[in-house]
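Q: If you scroll down you'll find the structure; I have some questions about it.
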Amino acid sequence: PRHLLPLHYDLELWPRVRPGQEGPFAFSGQVNITVLCRQDTDEAVLHSSGLRSRGAAAVRGPLTEPGAAVEVAGVRQEAADEVAVLELRGRLRAGRLYMLQLGFQGWLKEDLDGLFLTRYTDQGHSSMLIASQLEPTYARTVYPCLDEPAMKATFNIRIVHDPSYVALSNMPAIDVSEMKDENGRLWTVTTFNTSLKMSTYLTAFVICDFDYVTRTERGNEIRIWARKEAVKNGYVDYALNITGPIFSFLEDLLNVSYPLPKTDLVALPDFGAGAMENWGLMTFQESTLMYLPSDKFTSRKAMIAIIVSHELGHQACGKKFCWFGNLVTMNWWNDLWLNEGLASYFEYLGATFVEPRLSLDKIFYDHVVQPVLREDNEIGVRSLSESEDKIKGLFSLMSLFDSITYNKGASITWMLSGFLTEKLFIKALTSYLKEFSFSNANQDDLWTHIQMVVDSQDEVQLPASVKQIMDSWTCQNGFPVLTLNLTTGTISQEQFLNKKNENSTDSYNNTWIIPISWMRNGSSQPLMWLGKGSKMFPEMQVSESEYDWILLNVNLSGYYRVNYDQLNLKRLAHLLENDPKAIPAVSRFQLIDDGFALAQFGYIQIETALELTKYLAREDELFIWNMVLLNLVPENLESTLKNYKVYPLLKKYLLKRMLPIYHYYAGFVHQNVDALEDDYFAQVYLEKLFATACWLGLQDCLNLSSELYAKWMDDPEYKIPFLIRRAVSCYGVAVGSDKEWNFAWKMYNHNDSTEEEKDILLSAMSCAKESWLLYRYLQYGLSDTLLSSNCTSIIILYVVTKDIGHRIAWEFVTENWPLLSERYGKELLHDVLKVMGRFVNTDVQIQELQVFYNATLEEDERVAATLLLELTKFENMERRELLIKIASWLQKNVDD
């Protein structure tokens, strides 16, 4: 109920944790909430979940009358609604101020929500820390409060803790003193300055024994806290070096200043969220903040820059980066995309500012737009901005923290900034943020501000109001596909749905207001708009000349796919073969990715998409190669593809085109792998290129693998280049014999190999080409003494995905089922069956699986498993038809 509006919280938290103690641990606390009563009421309702009352609750006030109070008859906990109700003997009067006073206690759990405890090791000692994660609705599990994003208040926070720990919160500490508990033992009390007005989900608490590094940037003290050994080894230096510059970049860009005197970034050894933008005290999963010297060839630097920019963006440090979150918060969680979608858009600007070698548009399309286009077309995917009544209950609230919110939100922001121009976009954001500072807004408020800016100038003309344009993208689910006919110059739009599903095409008549950026024969054209089903653009009619071509959605300025007519596709394919660079890299990516997606959904034939791959010998961009390989050699199908006649054709067709880019990168591996340190896409995608070259049997790749693997066997200190370590280890074992396998096993059992190295080796050992080695490997997996139990299922899954492994793994699972099911239960079986299913092509094989189910499964599982089988069989038939088509196309084109 909206009867009470919180203005200020006085909060004391006291976790009863001493170093070295076992637990379970409790925490207690006291909260005094100053509220304004907006409507007469005889009860006060607060959020509270999993907390017990401590002592009697009291209500002081009206606060204008000294000593006045309202008697509390009792406190009623309503667990299902996560509220505590103070039943009063009198009434609270509208327009008056009151103070609600409650003592409370709860348990500190070792999960990662609310206020939680984590155990970790540092410098060889085991230690504990306490931290918090309150978004979206966990503040109520730590202290009774009005836990709604729109109910902002100021906070005075005090934390009582063991003297050996330091306590952090959103604001700087202003006092540290001592007190004794009832047994005369000493505790430290850290008191923090009064906070700015903020939502409860942004309050934060960390109690730890960490070290920090610090520097001051324009009066803002930045500290990065981490385990002592990590600080000592310099693992957080990179994060420290970029945090200040990103802050300043934003302040200058937007001409504002960060409102808090300090910023703490804390690297938590165990944290569920990845990162969280608590105001002034940001928390990160340790791996997202640490850069080790040995990470030189991982994409970790870029990842840290991206994540730190995202969270700094929320800090409202710069007007451009904000609206997400802390300064202006959404009215309620259904507009979460205003927070996260914008943070996700701006994180890339901040990251490319501190790491100029990252190319913004390629990474943005590859990491943000393309993955969500792949997802945002299922029936039943929600729209960005859902109505409140659709999102009730925590489950559906948590499900909002997904790629639609983050990636689609960012993609649509990119599109908006594109057609407005960045200048107008920033101007509109600035005025929006000024008006809504420290308060709440919804998407319509933003559209209004953009409209005001658009109306005040005449360079940018829009075909409809900002609200009409943007609502078509945020309030409808899915996205459009544009179909282009160049003979007539007509463009039409429809929702992009799977045409192969009978039921998908009937009921949708969504249309969007679509900005179309385009080029003709290499020169950019003025922006066009398509506001209805279809429209004729005389400018887009082309001549007879095959050099007259058109490209839509240049620089991915729009969130849609494009289906060109045969005439234009022929011309584009021709252009790619003669002068691929005439089409910008992101557009080449888009063109081919759209082609495969359109084929998959039945808009065009697969042969049409394949025509666009002929030019690939001239393609030097790894991110484009990666997308092509994911389409032609999907990760999970490598071993099934080997069973079809498509493999030898694919081998010939692809290798011929892969050689130039393969040799380019192999040259670095041979001579100077350090030179790839700044090639971001090499860090992310070179592995897939190498693995595919080896899988296709490229001799040079196999030789390189055995050569590097042998070098490692001669000198276990030698490190195979990280960029291709997984592929080299796999093919080193595959090409070798038991000697190579035994070496991998030995290295796996070395105690100082990291988790990642261990996983690479577990995978490599499943690459063996001799059946008895695989069988022995599976046997090792069963033995208690040799491997930790959670490895068994990993080993089975690695073996079952290999071409010779899947029969062996299947026999192994059926023979040892009683033991396996007792140890790993249903989970393992489900995983194995999913993978096995890919190999089920004939009715005989289906019967074999069916017999096994009938013998081993309970009835309800049998039904589910049978359904899975039927579906798999259908998918396999479809795939077989597709592969036959691909094979016959390759047959005709393999020698071109």
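Heads up, the Cβ atoms here are built off N, Cα and C, so glycines get one too.
Pasting the feature list from TrEMBL:
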type	residues	note
ACT_SITE	Glu311	active site, proton acceptor
BINDING	His310, His314, Glu340	Zn(2+) binding site
DOMAIN	6-202	domain 'Aminopeptidase N-like N-terminal'
DOMAIN	238-473	domain 'Peptidase M1 membrane alanine aminopeptidase'
DOMAIN	549-856	domain 'ERAP1-like C-terminal'
SITE	Tyr406	site 'Transition state stabilizer'
Q: Can you grab the distance from the residue listed as 'active site, proton acceptor' over to Tyr406 (site 'Transition state stabilizer')? Cα atoms, rounded to a whole Å.
A: 13
Q: Within 10 Å of the Cβ of Glu311 (active site, proton acceptor), how many other Cβ atoms are there?
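A: I count 26 other Cβ atoms within 10 Å of it.
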Q: Need one number: mean pLDDT over the domain 'ERAP1-like C-terminal' (549-856).
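A: When the pLDDT values over the domain 'ERAP1-like C-terminal' (549-856) are averaged, the result is 87.
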Q: Including all protein chains shown, what's the count of other C-beta atoms within 10 A of the C-beta of Tyr406 (site 'Transition state stabilizer')?
A: 22
